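Taken from Swiss-Prot as is:
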type	residues	note
BINDING	50, 61	phycourobilin binding site
BINDING	82	(2R,3E)-phycoerythrobilin 1 binding site
BINDING	159	(2R,3E)-phycoerythrobilin 2 binding site
C-alpha cells in the first residue's frame, strides 16, 4: 500500500525527476484536507457496526427470501458471516480513504472476492446491494448529513470530495462482487 506521498515519490523516482509543480500542489491539497480525512475515517469506524447491520437489515427487508430456509442469511452462522464480511469491507474502505489510495483494498480485500463468494454460494446481487447501502450511509456520515440524532463532530468545510472518494472505493467493491 502506498500513501499519496509514497506514490508521488515512486513516480518521480521512476522517471528520474524531482517532485514539483502539479505533484506538490496535489500533496498540498492532501495535507490541507488531512483533518477532514481523519474525521471521515473516524466517522466510519465509530459507526461501523450500525453501517453494516443497517445494510444487512436492508437487504433482508428488500429480499425476504434471504431469511427463509435455504436463504443466504437463514442461519445465525450465515448472518454472522455476512456481518463479518461487511465489517471487513468497511474496514478496508476506511484504510483506503485514510491513505488516499485504493491499493490496500485491491490487494487485501477484493482479490478473488467474487470467486470466493461463488464457491460459498453467497448471492452476489444481495452482497453488492448491501455494499451500496453501506456506501450511502457512509456518504451521509462523511458529509455529516446523516439523520441520526448523534452526528459526528467533524472539521468544518465541504467533505463531498471525500464522500466521493469513499464512494469510488465502495464502487470498486461492488464491481469486484458483481
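Yeah, the Cβs are placed from backbone N, Cα and C, and that goes for glycine too.
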CA pair residue 159 ((2R,3E)-phycoerythrobilin 2 binding site) / residue 61 (phycourobilin binding site), Å rounded to integer, equals 31
Least Cβ-crowded entry, counting other Cβ within 10 Å, from the binding-site residues listed as 50, 61, 82, 159: 61
Reported as an integer number of Å, what is the Cα distance between residue 82 ((2R,3E)-phycoerythrobilin 1 binding site) and residue 61 (phycourobilin binding site)? 15
